[in-house]
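Participant: Pasting the relevant annotations from TrEMBL:
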COMPBIAS  402-414  compositional bias 'Low complexity'
DOMAIN    1-394  domain 'Major facilitator superfamily (MFS) profile'
REGION    396-429  region 'Disordered'
TRANSMEM  20-39  transmembrane segment
TRANSMEM  46-62  transmembrane segment
TRANSMEM  68-90  transmembrane segment
TRANSMEM  102-126  transmembrane segment
TRANSMEM  132-152  transmembrane segment
TRANSMEM  189-214  transmembrane segment
TRANSMEM  220-244  transmembrane segment
TRANSMEM  256-273  transmembrane segment
TRANSMEM  279-301  transmembrane segment
TRANSMEM  322-341  transmembrane segment
TRANSMEM  365-389  transmembrane segment
Amino acid sequence: MLAVLHETFPTHTFLMNGLIQGVKGFLSFLSAPLIGALSDAWGRKYFLLLTVFFTCVPIPLMRISPWWYFAMISVCGIFSVTFSVIFAYVADVTEEHKRTTAYGLVSATFAASLVTSPAIGAFLSATYGDSLVVLVATLVAVVDIFFILLAVPESLPEKIRPTSWGSSISWEQADPFASLKKVRKDPTVLPICITVLFSYLPEAGQYSSFFLYLRQVIGFGSVSIATFIAVVGILSIIAQTLFLSILMRTIGNKNTVLLGLGFQIFQLAWYGFGSQYWMMWAAGAVAAMSSITFPAISALVSRNAEADQQGVVQGIITGIRGLCNGLGPALYGLIFFVFHVEFNEFLPDNTSETETKQNPSNKRAIIPGPAFLIGACIVLLAFLVALFIPENKASSTKKHSNSISSSQSNNLDQSNEEDIEPLLQDSTV
């Protein structure tokens, strides 16, 4: 995709990438609460089908018309909220004490795709050309859509869904800004949302530019990049399956989030100061451990949400991530532009590993990756905010006392009560 992006926009490539991803991310931010609320009312399956379809539909346009491809990527951001539906689906079919492991498995399978697909794509591209890569990706997307349609059961029982479709969705549920206002009143979800914002903003920027940075600045070749992705992906799978469940049982949900943020700070700082080949590999291992953060945050949220509110809550979290998917690439592109780290020219793809190590495109600087170092500072803010996330058990007593007093007036004025109740409610109440 970066090659097509560079061919379509030869100048200021990464600034244009930030603009495209910014539109997509902002549309995801606007639509995520609505998609989540609708899935709470109408079921998960067909919204899973809808989001996957519109996420994959731009793929064949990459070879047909690059301009339409980037236009569709931006517009399809409205439906690029698959993870909010998936995490709500997982919450429907798992018990609370097993939910963290289930979220880790979902994230691990996503990491598994990152292990295999870059290597397959690089092999097909080198052997048969980019057109076959696009064709294979399109066929895989079609198979995925038919799998959802034919093999994935509905996870939300009819008895949990609201009885009336027309009265089940209000503008307040669909409005992302109203959701953020409601988040402000909840002592648990507010710091979680701020933590997601400050932690995922640098991560989204890193995803948009890191592998090209490895090739242009550090001197990685195509084979090394594919190997790097595979190794970090395998380590991420191990972290999100084995280590995540162990950490959740031993140090708890909140401390697992803090540990993941600590790994992310260390990883980004290492990327920022690192200028040697081996440093990137070592930092990549740390990056794999930082992948436990988001599954742990999703589990922390879902443990406090009602059964019929899982889609709304996960939609808000995913919407914030969507906003970061837009702001992150733009932020990183701007920082690299300000510090004169240029990405306007690609190194030849047939350059050998030795040549790329000896002749990286940019001269070594004191801080080779300034955007990553600034990202580490942003994640440090997320870490400080996460320290104030209240423990689940500590807030249960307060919620219980509030529910007793509010239940007496619930029948008199239910609509006004919904305006002031916290977004997250303890399920035991």
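Yeah, the Cβs are placed from backbone N, Cα and C, and that goes for glycine too.
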Participant: Can you give me the average pLDDT across the domain 'Major facilitator superfamily (MFS) profile' (1-394), rounded to a whole number?
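Facilitator: Looking only at the domain 'Major facilitator superfamily (MFS) profile' (1-394), pLDDT averages out to 78.
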Participant: I'd like to know if the transmembrane segment (189-214) touches the transmembrane segment (256-273) in this structure, counting it as a touch only when three or more C-beta pairs sit under 8 Å and are separated by 6 or more positions.
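Facilitator: Output yes: the transmembrane segment (256-273) sits against the transmembrane segment (189-214).
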Participant: Same chain only, please: residues at least 6 beyond the ends of the transmembrane segment (46-62) with a C-beta under 8 Å from a C-beta of the stretch. Say none if there are none.
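Facilitator: Same-chain contacts beyond the ends: 1, 4, 35, 38-39, 68-69, 72-73, 76, 78-82, 85-86, 89, 134-135, 137-138, 141, 144-145, 148-149, 152.
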Participant: Could you check whether the transmembrane segment (279-301) and the transmembrane segment (132-152) come into contact, where contact means at least 3 Cβ pairs under 8 Å with the two residues of each pair 6 or more apart in sequence?
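Facilitator: Stretch pair does not touch.
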Participant: May I ask whether the transmembrane segment (365-389) has at least three C-beta pairs under 8 Å with the transmembrane segment (20-39), counting pairs 6 or more apart in sequence?
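Facilitator: Checked: the transmembrane segment (20-39) vs the transmembrane segment (365-389), no contact.
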